[in-house]
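Accompanying notes for the structure given below.
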């Protein structure tokens, strides 16, 4: 019987057709980076202080600087052992009754009582607008900025489940078309949101569609290339996310209004609607739906574009996984090794989500030039993909995976204790941490697939990867709330979590050179079936050559 992989060998495992589709789908990662980490610029919190209408009027009339009026408005407070001007308190003075004049800049206000801000805030934002400055999400309302990113991850979480079902039920093409429509509508609605509540609602819907479409496209891509190319295209597909991370600060530098930046991030999804006509449905999915005739038509079109010709016929085409047993959530935890794999992978997905997002969002509060710092830290993500591709077949999976987490954890812990005076050294160590967690994030995807048997593989990846979104929900609260206590405290937490994740990875089995498990017994009793895939491949080639020679002998 003929399987789709047999047909794909004839049609071309990574020909012109697959390269074209790969290039188109990789473009999806560019705006997705803006969706994922755009909060650094859209939710940027500039230096701020209480607004006093009387002082503002005098500043305008007398030509005072912002520093002059701020000195008359807010008291000095002790922050981590350093005296600095308060952002959330103001002097309790009625300037209208005290006769404020242009000569009262040097008043001694040390004994004057203070109160919380009553008349809003002023921002040193240099003309840049974020939703923080528009909706005054500072001081006691600062936690609402955390909610903005957390609701995105709630959308990611729901979208992962919903689009996983849609893609299996209605097909890959219909699913990513639904995603693009949803992204366009919610993205533009987000750009004109009139208040903060509507902002959160549209942000959640935006996350729901964006993550679902990105994952569905990833699945489609891996289904139309040969087995030997799946891991490479999967890693490179994720690498284009890093390209989007590099483009984002350049856009944010020139587009100073968060609403117009949102429009720019959303606009590509209108163009992506054309993918419905440019990209074919997954033949593998069609075969699983007993639509072999349509699958054969698409495969023939792929072969034609690849300048290949199919010799196998339609009648012998079968779904090689059609008789798989049904998957259950209990299968993930019922037996000892499966349970160990599940809990370790869940923790690693959580770690990747919380540390990766946390380190990116930290750039916005670290105090340097947010655009330059974001660009530099984004650049270090590129070596991650190449390091993975270089090491996984030479060294294996487990050691690079564990090392990436441990390096990330160590870098976070070291960075926390480097003084700000050693700025560039601190930046280099932090970038090494960013490189480590990026490697770990990209590796957990395919390591997850290699540690579950075929019939429960998709379910296992879906369940474990939801912890990534849980990490994303936690990350902004962990970062912004702990940073109020001590700016480097979140790094301590990130470092400890990543270090533990790296240690746990060492408890997983090495999967380099090991066939993908087919049953739970293959996981529980790995030594029972020791096969060398290279020997199997050589044996298949030998048998094929013998069959060919026998045919030639008969024809003679």
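Yeah, the Cβs are placed from backbone N, Cα and C, and that goes for glycine too.
On a predicted model such as this, the values are computed, not experimentally measured, just so you know.
Mean model confidence for the domain 'Major facilitator superfamily (MFS) profile' (99-513) is a pLDDT of 88. Per TrEMBL, domain 'Major facilitator superfamily (MFS) profile' is recorded for 99-513.
Sequence annotations record features per position, and here TrEMBL assigns transmembrane segment to 21-44 (among others). Distant neighbours of the transmembrane segment (21-44): 128, 130-132, 137, 145, 148-149, 152, 206-207, 210, 213-214, 217-218, 220-221, 224-225, 233, 236-238, 240-245, 247-249, 251-252, 258, 261-262, 264-266, 268-269, 272, 275, 278-280, 357, 360-361, 363-364, 370, 374, 476; these residues of the same chain sit at least 6 beyond its ends, with a Cβ under 8 Å from one of its Cβ atoms.
What TrEMBL lists as transmembrane segment is 147-167 (among others).
Here TrEMBL flags 174-194 (among others) as transmembrane segment.
What TrEMBL lists as transmembrane segment is 200-221 (among others).
If you look up TrEMBL, you'll see 233-254 (among others) marked as transmembrane segment.
Feature annotation from TrEMBL assigns transmembrane segment to 260-279 (among others).
Residues annotated as transmembrane segment in TrEMBL: 343-365 (among others). Using a Cβ-Cβ cut-off under 8 Å and counting only residues 6 or more beyond its ends in the same chain, the transmembrane segment (343-365) has close neighbours at 36-37, 39-41, 43-45, 149, 153, 245, 373-374, 377, 405, 408, 412, 430, 433-434, 437-438, 440-441, 444, 447-448, 451, 460, 463-472, 474-476, 478-480, 483, 487, 490-491, 494, 497-498, 500-501, 504-505, 507-508.
The feature transmembrane segment is assigned by TrEMBL to 371-392 (among others). Tertiary neighbourhood of the transmembrane segment (371-392): same-chain residues 40, 231-232, 235-236, 238-239, 242, 245-246, 248-250, 252-253, 359-360, 363, 400, 427, 430-432, 434-435, 438-439, 442-443, 512, selected by CB-CB distance under 8 Å and a gap of 6+ residues from either end.
According to TrEMBL, the feature transmembrane segment maps to 399-418 (among others).
Summarising the annotation, TrEMBL assigns transmembrane segment to 424-447 (among others).
What TrEMBL lists as transmembrane segment is 459-479 (among others). Within the chain carrying the transmembrane segment (459-479), a Cβ under 8 angstroms from the stretch's Cβ atoms is held by residues 39, 143, 145-150, 152-154, 156-157, 160-161, 164, 211, 327, 329, 331-332, 342, 345-347, 349-355, 357-358, 361-362, 365, 445, 448-449, 451-452, 490, 493, all 6 or more beyond its ends.
Residues of the same chain lying 6 or more positions beyond the ends of the transmembrane segment (485-508) and with a Cβ under 8 Å from any Cβ of it are 80, 340-341, 344, 347-348, 351-352, 354-355, 358-359, 362, 365-367, 398, 401-406, 408-413, 415-417, 433, 436-437, 440, 447, 451, 478-479. What TrEMBL records for 485-508 (among others) is transmembrane segment.
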